[in-house]
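Noted in Swiss-Prot for the protein shown:
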type: REPEAT; residues: 19-58; note: repeat 'WD 1'
type: REPEAT; residues: 105-144; note: repeat 'WD 2'
type: REPEAT; residues: 146-184; note: repeat 'WD 3'
type: REPEAT; residues: 192-231; note: repeat 'WD 4'
type: REPEAT; residues: 236-276; note: repeat 'WD 5'
type: REPEAT; residues: 280-313; note: repeat 'WD 6'
Amino acid sequence: MKLTDSVLRSFRVAKVFRENSDKINCFDFSPNGETVISSSDDDSIVLYDCQEGKPKRTLYSKKYGVDLIRYTHAANTVVYSSNKIDDTIRYLSLHDNKYIRYFPGHSKRVVALSMSPVDDTFISGSLDKTIRLWDLRSPNCQGLMHLQGKPVCSFDPEGLIFAAGVNSEMVKLYDLRSFDKGPFATFKMQYDRTCEWTGLKFSNDGKLILISTNGSFIRLIDAFKGVVMHTFGGYANSKAVTLEASFTPDSQFIMIGSEDGKIHVWNGESGIKVAVLDGKHTGPITCLQFNPKFMTFASACSNMAFWLPTIDD
């Protein structure tokens, strides 16, 4: 089944899970699309089975809190940041609920975490105005970049370069093998800073970069030229909430939730809004991602919703 405007318009909530007592701050699908794992401000980690459509288990990180949870490439392991007493990144085995390793170094809260799509490397960005490069096999930081402001960062789909959005005004591209030489490209955005950048993602084909903000617009940028291709708006976000924007796996569509529980979908090429879907969420949709392998997506406030299309194209 191919994603089209009409298939996207047909998506409806198939299941809602109420496992959390506070907002879900992040979730991540496993690379095979079979599970999704969430982190919440209630200090819990919930693992869901996407095929059965049910929660499998719940773990807790009461002391440190849990945010920015990401699957690694090894089965049943995740990395996540703390949102309580320290700024160390933790590497957890879900199998026996034990920490494999800690990654200390940041002196302020970690606000971005991206796992390499190809190996055990990951990057983290912090309010201490640095991006750190790590390897899961070592607790020592493998590289450090000092920036002029708060960073958002992500690997490209090949795992060869990473992009850093700095100070909500420029995107810098680094070659992973020679990042210490500085960025090989810098794109300055000529825009009035009415809001902060809260996320940065590459499309799966590597051609586009999506910048999410805590305002009521997101930007789609050409990853090679740094040109803004589209600015998408017209969704509700009056309280400057961090709303996650995402690409569909075919790189063709862009989705974002809103504070009123609706999901807005645009065609990336034409820039036209193709759908507004009502998730009937009780709060702002802080997390939204399409499953990498199956025709389903998930959205979350303090509840988690799984969506399915209602037509067969």
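Just so it is clear, glycine is given a Cβ too, placed from its N, Cα and C backbone atoms.
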### Arithmetic mean of per-residue pLDDT over the repeat 'WD 5' (236-276)
96
## Note on the structure
Other same-chain positions with a Cβ less than 8 Å from the repeat 'WD 2' (105-144) and lying at least 6 residues past its termini are 67-68, 70-74, 79-83, 87-89, 91, 150-155, 157-159, 162, 164, 176, 179-180, 199-200
### Query
When you scan the chain for residues with a C-beta under 8 Å from the repeat 'WD 5' (236-276), skipping those not six or more beyond its ends, what do you find?
2-3, 5, 8-9, 11, 195-196, 198-199, 201, 203-205, 207-208, 210, 212, 214-216, 218, 220, 229-230, 282-293, 297, 299, 301
